[in-house]
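**Student:** Got a structure for you, written out below as structure tokens; questions coming shortly.
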Amino acid sequence: ALCGLQGALPGGQVPQGIGEPSVYHAVVVIFLEFFAWGLLTTPMLTVLHQTFPHHTFLMNGLIHGVKGLLSFLSAPLIGALSDVWGRKSFLLLTVFFTCAPIPLMKISPWWYFAVISMSGVFAVTFSVIFAYVADITQEHERSTAYGLVSATFAASLVTSPAIGAYLSVAYGDTLVVILATAIALLDICFILVAVPESLPEKMRPASWGAPISWEQADPFASLRKVGQDSTVLLICITVFLSYLPEAGQYSSFFLYLRQVIGFSSETVAAFIAVVGILSILAQTVVLGILMRSIGNKNTILLGLGFQILQLAWYGFGSQPWMMWAAGAVAAMSSITFPAISAIVSRNADPDQQGVVQGMITGIRGLCNGLGPALYGFVFYLFHVELTDTDGSEKGAKLNMVNPTDESAIIPGPPFLFGACSVLLSLLVALFIPEHTGPGMRPGAYKKHSNGAQSHSHSPQGSGAEGKEPLLEDSSV
């Protein structure tokens, strides 16, 4: 499978020896981590409902909301520490704590959900992985490498939920938890044995006691800089309004599928696999065609349009075929964020790439905390509760606290709120200027030549230099 990815990697080269850091190492780490969690899709739904039989959606939203907020707060600090002490140790730390709750699912469900919430402090594997990839790729190769890592996340969910659902029915949830734990341990062993350090020795200080930039570790520092540049402000508002419903959807949609005409565990797993495959095709083949044919900005607008249609379909849909059709549309909507990352990468100065991307990452981290909590609260307000998890009753429709309540005729209220949010995001994105050139200002490379170490560990200047536009020609 890794050899099949050779053509997608920058340069198409297979790494010479296991001691040389490559994108392959990042791909394997991400795949194993999320494959392990994908196996637990079906058992987790059952344990969640058994542990919280009342207000299941609300508790699910709160659990994932706490985890997302903790990740938002801790990601910059872990990133700053990895700039000083290297990537490998923090890659090991984040994978360990992300997978630590897995065995607790069968030992103690209450401890399982408590540890999931608290694991958000270290569950920031993607941040370290992206830094790892940035260390070993040239700037013109970076978007391709990031796309490969993101596609690996989708690929890990293509088969793992289906495998987990089959094993759960055939052999019980215990075997699934044991298998997921074994894969998580394999991931940890792979990092220990096979993953080399990507941060060059000359980029690291001589001792572990070297100071870090606390401004860089401040999770709100990047958010405070958003208003300095009008284009960045528009991009960040677009990301916030579009990713907020997406984060909430990720946290609750598998539960929601059980509410729509009794989707079984096997059907949910098949749905995830199909959408995952379509998402991979959309982010690789379709995205490249659209970027070349209609341009960067129009690709973003098209992706947001697909997202609005998808959320509205989820909100009003009450038949299985509607969910499958909306899933195909959801796969097409996955082109939005890669297109946003591309427009930033093309127009930001070399020494501003990390700053602008950090702002967008910070916005997404904030949404990972607010989105699940918002969805859970809206489900609670509209009295949508999970009352059946076996999915075996034919014709079982939406489960309401009061089935005679005619005002609760909308199956998925949070998805309609999300569609309205993405509509506002689309209106904001209309004002994002599209640049045709790289937008490099004179002297940009000279400023950048100071080195990554001085850029990472020195506080940024104040005054006029700190207020210059982050993107070229940012007037709207």
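Cβ atoms here come from the backbone N, Cα and C positions, even for glycine.
Annotations in TrEMBL come from automatic prediction, not curation.
Pulled the feature table from TrEMBL, pasting it below:
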{"type": "COMPBIAS", "residues": "450-461", "note": "compositional bias 'Polar residues'"}
{"type": "DOMAIN", "residues": "22-437", "note": "domain 'Major facilitator superfamily (MFS) profile'"}
{"type": "REGION", "residues": "441-476", "note": "region 'Disordered'"}
{"type": "TRANSMEM", "residues": "23-45", "note": "transmembrane segment"}
{"type": "TRANSMEM", "residues": "57-78", "note": "transmembrane segment"}
{"type": "TRANSMEM", "residues": "111-133", "note": "transmembrane segment"}
{"type": "TRANSMEM", "residues": "145-169", "note": "transmembrane segment"}
{"type": "TRANSMEM", "residues": "175-195", "note": "transmembrane segment"}
{"type": "TRANSMEM", "residues": "232-256", "note": "transmembrane segment"}
{"type": "TRANSMEM", "residues": "268-291", "note": "transmembrane segment"}
{"type": "TRANSMEM", "residues": "298-316", "note": "transmembrane segment"}
{"type": "TRANSMEM", "residues": "322-344", "note": "transmembrane segment"}
{"type": "TRANSMEM", "residues": "365-382", "note": "transmembrane segment"}
{"type": "TRANSMEM", "residues": "415-432", "note": "transmembrane segment"}
**Student:** Any chance you could find the range in 57-78, 145-169, 232-256, 268-291, 322-344 with the most Cβ pairs under 8 Å to the transmembrane segment (175-195)?
**Tutor:** 145-169
**Student:** I'm a bit unsure how to read this: which one of 23-45, 57-78, 111-133, 298-316, 365-382 has the highest number of Cβ pairs shorter than 8 Å with the transmembrane segment (232-256)?
**Tutor:** 365-382
**Student:** May I ask which of the stretches 23-45, 111-133, 145-169, 298-316 has the most CB pairs under 8 A with the transmembrane segment (57-78)?
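**Tutor:** Between the stretches 23-45, 111-133, 145-169, 298-316, 111-133 has the largest tally.
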**Student:** In terms of Cβ proximity under 8 Å, which residues at least six beyond the ends of the transmembrane segment (365-382) contact it?
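**Tutor:** Same-chain residues near the transmembrane segment (365-382) but 6 or more away: 55, 57-72, 75, 219, 223, 239-240, 243-252, 408, 410, 413-414, 417.
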**Student:** Could you tell me what the rest of the chain brings near the transmembrane segment (322-344), counting residues at least six beyond its ends with Cβ under 8 Å?
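**Tutor:** Residues packing against the transmembrane segment (322-344) from afar: 143, 146-147, 150, 154, 235, 238-239, 242-243, 257, 260, 263, 271, 274-275, 278-279, 281-283, 286-287, 290-291, 296-297, 299-300, 302-304, 306-307, 309-310, 313-314, 316, 353, 356-357, 360, 432, 434-435, 471.
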**Student:** Flag the pair the transmembrane segment (145-169) / the transmembrane segment (298-316) as in contact if three or more Cβ pairs fall under 8 Å (sequence separation 6 or more).
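**Tutor:** Stretch pair does not touch.
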